[in-house]
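Record features, source TrEMBL:
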type	residues	note
BINDING	Y165, K174, Y175, E233	S-adenosyl-L-methionine binding site
DOMAIN	138-306	domain 'PRMT5 arginine-N-methyltransferase'
DOMAIN	309-475	domain 'PRMT5 oligomerisation'
Amino acid sequence: MSNDDYRPLSNALVDSWETWNSFRMLCDHHSQLVVALDIKRVLPPENSLKRWFGEPVTAAILDTEIFLTKARGNTLYLPKRHQKLIADLFHLDTRIVISEIKVPTSAQSAAGSKSQPLLAYWSQVSNIYKQRDPVSEQERSEFYTRDILQPSLRPSRNYSHAISYDDHEKDLVKYLHYEIAISRALLERVPDERASVIATVLVVVGAGRGRLVHASLKAAERTGRKLRVYAVEKNPQTVIALDELIRANNWDNTVSVVSSDVRDWSAPERADILVSDFLGSFGDNELSPESLDAAQRFLEKDGISIPSSYTSFLQPLTAPKLYQEAKARKDILHSESACLVNLHNVARLTPSQQVFTFSHPKCSDNQSNQRYQKLEFRIPTDTGSAMVHGFAGYFNATLYKSVLFGTEPSTMTPNLNTWLPMFFPLRTPICVHRGSILEVHFWRCVDSRKVWYEWCVTSPSSSPIHNCNGRSCWMDL
Ligand SMILES: C[S@@+](CC[C@H](N)C(=O)[O-])C[C@H]1O[C@@H](n2cnc3c(N)ncnc32)[C@H](O)[C@@H]1O
């Protein structure tokens, strides 16, 4: 059967996901409701099948009739799509049940055992299990955080704990990208013949415990350029660790530690390069635009900001587990607070789309950091109907020219571990039908004290505006 032949809404075939969805709705999304999938020989199209990856599928039943026998040798095998489906289900920790409805005699002889007629089937399934990619150390460590809503960082508050730094500093990929970006900027700024004469003034804004200072010094060494570094950090406890690092490595001649909020600092000279990491999981959600606006006061007219731009992305999700988690709190705060989530048991319904872009340095001081964006996500026709429980948020950043990194799924940087995706929930899930448009509005709002997002859906049905006036989640300025 081709994808075009598949008509989940026709009388000929019932869309089993819709049956499950009606049942789940009647049970008010009860958290103890789980699914066992009965896998048939004919599978629905890819997008239709993908919806199950957002559901609590605890078991999949494989009828022995799904297995095919090779013409020669009576060897059993599973069709390619079934193999992939089972591998994906293993990823969700789904149990596979082999159902012995009718074991053909040929298969029994292939297995070579009449007493254990399911052995040959079992060995096919266990081969798929063994062929999975090995679980990385990172994945192992993240196992217990899967699909758990974690409050997103409020930059002015959370960076007082050493643990926030410990986690971030393990990300070697992030610091390597910064080192490469700084190297390229230094090479373009200072020609070889002037390398021994010119010292580039580099300010690390929000230096933390010094990993970006270290990356900058490594870039200077790599390119043979001279540097004068100011490491500006507002958290007094962190400044102690930063100071110790500088002294322990005898970097005092090159690096000056500045214990100050960048907004209050009077720089003794103009900077050629600003290096910062105020990026959040949604790009601008840790106040990178506001912090870098403040730093631009002391940047040379032709100065460089690393990162030079960043863009946020949104993607509609089926995520009943996250919805149940927020709903269980029984308050509006949890049902409209953007959180960080290690997304696992979710279905990504369409490709993601760009939301807001910020570039630095800004061309004009008057450019506002408020934003509004309307997005239209088309649900693929071969998906069938689906439930939207909220939106995943990602970002991509340009550090310098071609040096990029990010978390947007189609272009994500492998092993970039600092950032989990964001999740923007919907207070009430919205049902979308195949081929329909999901129209979403997103605002970045700013007042004198805080920055916050508001969001709503206006098609196929309207939701209330979430997080009005930043009543549930915001970032303090
Ligand atoms: C995400 S951490 C990055 C730390 C470090 N740059 C790194 O990448 O390892 C952001 C740091 O910026 C500091 N910070 C935030 N806002 C600041 C501001 N307005 N002025 C100075 N430091 C700031 C925080 O205290 C925190 O140490």
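Backbone N, Cα and C define each Cβ position, glycine as well.
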Original post:
With respect to ligand 1, which members of the binding-site residues Y165, K174, Y175 satisfy a Cβ distance under 6 angstroms to one of its atoms?
Top reply: none
Subject >> Cβ packing number for Y165 (S-adenosyl-L-methionine binding site), 10 Å threshold >> reply: 17
**OP:** Express the predicted model's confidence over the domain 'PRMT5 arginine-N-methyltransferase' (138-306) as a mean pLDDT, rounded to an integer.
**Re:** 92
Original post:
For K174 (S-adenosyl-L-methionine binding site), what is the tally of other C-beta atoms lying within 10 angstroms of its C-beta?
Top reply: 24
Original post:
In terms of DSSP three-state secondary structure, what is the assignment for K174 (S-adenosyl-L-methionine binding site)?
Top reply: helix
Subject >> C-beta crowding around E233 (S-adenosyl-L-methionine binding site), within 10 angstroms >> reply: 26
